[in-house]
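The block underneath contains the structure these notes are about, expressed in structure tokens.
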Amino acid sequence: MRVAVLGAGAWGTALAVLLASKGVPTRLWARRKAQAEALKAMRENRDYLPGVALPAYLYPTHDPEEALEGAELAVLAVPSKALRETVAGLPPAPWYVSATKGLFYGEEGVRTPAEVVEALTQRPVVALSGPNHAEEVARFLPTASVAAGPEDLARRVQALFSGPTFRVYTSRDRRGVELGGAVKNVLALAAGMVDGLRLGDNAKAALLTRGLKEMVRFGTALGGEEATFYGLAGLGDLLATAYSLHSRNRMAGESLVRGVDREALEARGVVEGLYAVKAMVAWGKEQGVELPVAEAVHRVAHEGLDPLAALKALMAREPKEE
């Protein structure tokens with residue numbers, strides 16, 4: 001089997017390294033020609049995963065035709081804001097694995113990355129999601145993930161990616177798996193604000209617990225199964241993202257406390273939570289569903305509210321039964 005990995009950031013590179021280390025011929029497509037040439041010459045992704053050697057079975061390329069030639073499937077590991085453009089601009093693959101985490105909101109309502117890819121390509125899509133930091137996957141530290149989609153294809157993804165340090169579970173709840181992976185980025189932004197304000201462990205535990213409740217409320221209303229949000233793709237991913245030094249979203253929350261604005265954060269790299277929170281809040285307002293943590297994050301990130309004022313407002317909400 002030959003695999004194309006589309007997207008040569010940290011996550012795409014880590015997945016390509018994982019596959020190639022198992023002897024799977026893997027072509028890693030980089031959007032920028034200069035990056036592809038550097039990957040070939042240095043056998044290392046110094047921009048996104050410094051110190052990780054590229055295995056012999058990993059071949060970087062800037063040519064989309066070359067990347068997809070003979071590939072049985074394509075793994076999509078691009079930022080959500082670039083997903084539509086990337087898929088529309090590349091030759092189709094027989095089927096896809098979406099490793100992108102994010103949300104889309106428009107006239108059709110809330111859509112997940114796999115749903116967007118499926119609509120654009122009319123090909124089957126499996127979502128791969130979980131508490132998976134690229135830095136740890138690429139260094140073969142123990143990791144678990146979830147492959148969600150059509151049962152036969154999810155099992156093929158399970159077999160393809162599973163190994164001594166990467167354990168894959170299957171799920172039929174693709175929508176729930178993807179919603180969990182998107183919402184946890186919003187909650188990680190909030191956790192980063194708590195860290196930046198030095199509000200302590202009690203505050204962070206309370207925020208994340210209530211945030212998990214919000215994830216379940218949002219996710220089940222959109223068709224996800226409640227159990228999914230208490231598994232690897234929900235709670236598991238939330239824990240990894242909200243506490244990790246690797247987490248771009250948690251660090252972005254800290255940066256917002258220090259006065260770094262949204263535009264400056266986006267210039268440093270994609271912060272998926274900044275996009276997902278817009279979709280969550282827009283949907284919540286349309287449906288009349290309360291999402292207080294997401295609304296607080298939105299007010300800080302997109303409306304300029306002081307982070308401490310936003311968190312104080314959460315504490316001042318009307319008392320209620322848990």
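Cβ coordinates are placed from backbone N, Cα and C, and glycine is handled just like the others.
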LYS101, LYS184, ASP237, SER247, ARG248, ASN249 bind sn-glycerol 3-phosphate per Swiss-Prot; candidate in GLY70, GLY130, GLY149, GLY163 listed for that same site: GLY130
TRP11, ALA134, ASP237, SER247, ASN249, VAL270 filtered to the binding-site residues whose C-alpha is within 10 Å of LYS184 (active site, proton acceptor): ASP237, ASN249
ASP237 (sn-glycerol 3-phosphate binding site) to ARG32 (NADPH binding site) - Cα separation in whole Å: 30
Site with most surrounding Cβ atoms, counting all protein chains shown within 10 Å, from the binding-site residues ASP237, GLU272: ASP237
Neighbouring C-beta atoms (10 Å sphere around the C-beta of ARG31 (NADPH binding site)): 17
Residues satisfying Cβ distance under 8 Å from ARG32 (NADPH binding site), sequence separation of at least 6: HIS62
Largest separation between Cα atoms (Å) of residues that the record links to NADPH, namely TRP11, ARG31, ARG32, LYS101, ALA134, ARG248, VAL270, GLU272: 22
Densest Cβ neighbourhood among LYS101, LYS184, ARG248 (recorded positions), 10 Å radius: LYS184
